[in-house]
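Below you'll find the structure, written out as structure tokens, and then a few comments.
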């Protein structure tokens, strides 16, 4: 039977519920337990797929093609369970399903209410998402006290009562602020946050107290006394210099022992040696490189969360400190390529819309002409093809139909024919709905033997995740190939371009898929590892 750990947050947002939850999951997994994780998002959007990166941050794509919260990226980086569409749902998704059932008449004329219909649907989805795991950690987004979170909190209150105390527990994250003028940490916000929880029928079993200063034993004892939580279940979680230390910090305070005893689970002790190696490699690099990351959402770096983490993982596998120089592509348009001088490699990530595209194209040209290692991802591949068409093939008007629908040389175009779930072909245009209408999820890619990308993966066929609706125009592909563009990766059926490489260049790879979604700190990712190796070679050349 599955045990449930419900995770809530109080006092303020952005306390790190996702990382704390994933770290506990990693310890339980290291004890031989089968673990999964769920994220429940209170916003009314059906999914984050159409939300602005500035508002939501990254949209993490699962293996089965769901557009989900970025916390699922943390989950997959910390545990080896692959997330699916069942591991993340929103208020919008819940209401959509309930209303669809109401329209069909499934409720037999009943008045549809938050309790029981919405809460029942939330509970159903939690149980489904947990599957056959030994332990499921269920993170509720937002902060206790938010109006939006109330149906989710009521649902977990009900589910906790239904399965019993031996199968469900509540872990609450709070802030214990340090007041510099008083020279002490303050426990009152935590006390009030727990009081808010208890007012809706939820008593925490574990408190994880976040702080930027050490929390002494007397403060933890005081928190335990005022919140009815066992003293050993009051966990101090001070800011760490790397998030990959968190499993070790939680384990050192006995959190996993408390959970295992509470659930009556029989399992081995935790072997965190893999995490010790990750932390050692992260904090003790032997080399250093600087890589320019040229994007358009630089005001909120969470928009590139998985990519930034993937570069960190590549640094770990290469024992290299990777310094990312974040450059807004519009700044290149306004200030020129001087911003790129002195870097060891250039990375151009994905994005949508016209703004900043010309700056990305200029960055590609700089990398290609100056033999600087280049990695393009999604839009980063499309602008690489556009740049090649303009400056090598001589098509000065070359573009994507996303940016210029009247270009005579549209080397990138919209996918117009799609197979729906039944296999029927439907036509989509620029005016079609944006939500859920992209090429999404894991798909096969055939690699060309002898190519740079094949040297990285050492495989003929790979599986990577996608999130896009524009592709390289096959009608103009013969001219691009004749001019020297190398097609080193194609879709499983050979119909679509997946990877391109530039001729006469030490390391220039651009891919249509998103490799960052499958990179992990323990295993890294072959493409990012190869990219950092190329940056190292460039650095040594420039030294």
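Note that Cβ sites are derived from N, Cα and C of the backbone, with glycine treated the same way.
Annotation source Swiss-Prot lists active site, nucleophile at 378. DSSP assigns residue 378 (active site, nucleophile) to coil in the three-state reduction, outside any helix or strand. Around the Cβ of residue 378 (active site, nucleophile), the same chain contributes 349, 350, 351, 467, 468, 511, 512, 513, 514, each under 8 angstroms and 6 or more positions distant in sequence.
Annotation comment: Swiss-Prot describes 514 (among others) as active site, evidence class sequence analysis. When other Cβ atoms within 10 Å of the Cβ of residue 514 (active site) are tallied across all protein chains shown, the result is 22.
In the three-state DSSP scheme, residue 516 (active site) falls into the helix class. Annotated active site per Swiss-Prot: 516 (among others), in sequence order, evidence recorded as sequence analysis.
According to Swiss-Prot, the feature CTP binding site maps to 13, 146, 147, 148, 186, 187, 188, 189, 190, 191, 222. The DSSP secondary structure for residue 190 (CTP binding site) is helix.
For residue 190 (CTP binding site), other Cβ atoms within 10 Å of its Cβ number 30. If you look up Swiss-Prot, you'll see 13, 186, 187, 188, 189, 190, 191, 222 marked as UTP binding site.
Long-range neighbours of residue 71 (ATP binding site) (same chain, six or more residues apart, CB within less than 8 Å of its CB): 17, 18, 22, 39, 60, 139. In the three-state DSSP scheme, residue 71 (ATP binding site) falls into the helix class. Positions annotated as ATP binding site by Swiss-Prot, on the basis of sequence analysis: 14, 15, 16, 17, 18, 19, 71.
Among the features that Swiss-Prot reports, Mg(2+) binding site is placed at 71, 139, with the record citing sequence analysis.
Residue 402 (L-glutamine binding site) falls within neither a helix nor a strand when secondary structure is assigned with DSSP, and so counts as coil. All protein chains considered, the CB of residue 402 (L-glutamine binding site) has 20 other CB atoms within 10 Å. If you look up Swiss-Prot, you'll see 351, 379, 380, 381, 382, 402, 469 marked as L-glutamine binding site, on the strength of sequence analysis.
Residues or ranges marked as domain 'Glutamine amidotransferase type-1' in Swiss-Prot: 290-541.
Residues or ranges marked as region 'Amidoligase domain' by Swiss-Prot: 1-265.
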Cα proximity to residue 14 (ATP binding site), best match among binding-site residues 188, 189, 379, 469: 189
Under 8 Å by Cβ from residue 380 (L-glutamine binding site), same chain, sequence gap 6 or more: 347, 348, 349, 350, 360, 364, 510
Cβ atoms near residue 13 (CTP binding site) (within 10 Å, other residues, all chains): 12
Subset of binding-site residues (13, 16, 222, 379, 469) lying within 10 A of residue 189 (UTP binding site), CA to CA, in sequence order: none
C-alpha spacing of residue 188 (CTP binding site) relative to residue 469 (L-glutamine binding site), in angstrom: 50
Between residue 13 (CTP binding site) and residue 19 (ATP binding site): CA-CA distance (Å): 13
Fewest Cβ neighbours within 10 Å, where candidates are the binding-site residues 15, 147, 381: 147
Conformational class of residue 14 (ATP binding site) under the three-state DSSP mapping: coil
